[in-house]
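A.B. asks: Below, the features straight out of TrEMBL:
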type	residues	note
BINDING	B:His76, B:His113	Fe cation binding site
BINDING	B:Cys82, B:Cys85, B:Cys121, B:Cys124	Zn(2+) binding site
Protein chains: 2
Amino acid sequence: MSTARQTRQREVIVQVLQQAEGPLSAPELLARAQVTLPGLGTATVYRTLKLMQEQGEAHAVHLDGEPMYESSGRGHHHHFSCNGCGRVFSLHSCPVALPRGTVYPGGFVVEDHEVTLYGRCPQCAAQQAQAPAPGVTAG
Amino acid sequence: MSTARQTRQREVIVQVLQQAEGPLSAPELLARAQVTLPGLGTATVYRTLKLMQEQGEAHAVHLDGEPMYESSGRGHHHHFSCNGCGRVFSLHSCPVALPRGTVYPGGFVVEDHEVTLYGRCPQCAAQQAQAPAPGVTAG
DNA sequence: CTATTTGCAAACCCTTTGCGCTGGT
DNA sequence: ACCAGCGCAAAGGGTTTGCAAATAG
């Protein structure tokens, strides 16, 4: 079962994912990894991503319909997607208390959950409050 | 502004969506609608779906990375995706209290949220407890 | 040396778009 | 009659797969 070999490709992919400021889509991950490893192929990224997920080293989140990936080991958290600038932030406090094994009304046994909040990040919220429209002043 | 015409296709698509027990993917919706309207084309489903969303008659949810659609007017609710049978159920009690306008720690203004629970539906949970493997009887 | 891994390219979804014809109003 | 809407089929974007060459152990 020496199945997981240490290759340059995997090394780079893992590193890119760990250094990312947030979740990345496969194409984004590919692009970033190719900076270091120009010849890297699409398939390798997907295969490595699948492998990492099976081994629990990474997991997928779904933001606005796009599957994105992030490195594990940052603890349980969710995401906030800004409707203004489109950036995705990680939330470190979880708005729901649903540990594995919780039984939801009706007999649904919860094993995992995914929460995504949509709205305005601090910056966009501030812009909205201070400058409702371009050219409009507060006076 | 007589933009929205009443056609047999739209009638069927709307009906299928309203009668669905949960959210449907576009291909699923197409298949179900084709039972009634065999000649229905793929593009029509997507175009109608887009139209319905713009008019607020339907909205999209993202389950396991797949965009799925459901008829509006069932109130605020979320989904439970069964890891056993793959079916999706609608949950009528919301595990989070985050009305529009809630300000999340850090200054994030919440406008909307999406919650998906993953686990075992009542049936799959029962099977798991009572029949670990096919062909095994209880006696 | 042997089995795993890679890169390429083709294959596969799913979704969108262009176009001539049908059909609602 | 007019033009929105339809079905078909091609195009597009992301993800998966087959295979020979490359490489880790």
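Positions of Cβ are set from backbone N, Cα and C atoms, glycine also.
Help me see these features in their spatial surroundings.
C.D. replies: In three-state terms derived from DSSP, B:His113 (Fe cation binding site) belongs to an extended strand segment.
Counting only residues at least six positions away in the same chain, the Cβ atoms of B:Val88, B:Phe89, B:Gly119, B:Arg120, B:Cys121, B:Cys124 sit under 8 Å from the Cβ of B:Cys82 (Zn(2+) binding site).
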A.B. asks: Which whole-number value in Å describes the distance between the Cα atoms of B:Cys85 (Zn(2+) binding site) and B:His76 (Fe cation binding site)?
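C.D. replies: Counting only the Cα atoms, the answer is 25 Å.
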A.B. asks: Relative to the mean position of the Cβ atoms of B:Cys82, B:Cys85, B:Cys121, B:Cys124, the recorded Zn(2+) site, which additional same-chain residues have Cβ within 8 Å?
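C.D. replies: Filtered neighbour residues, in order: B:Asn83, B:Gly84, B:Gly86, B:Arg87, B:Arg120, B:Pro122, B:Gln123, B:Ala125.
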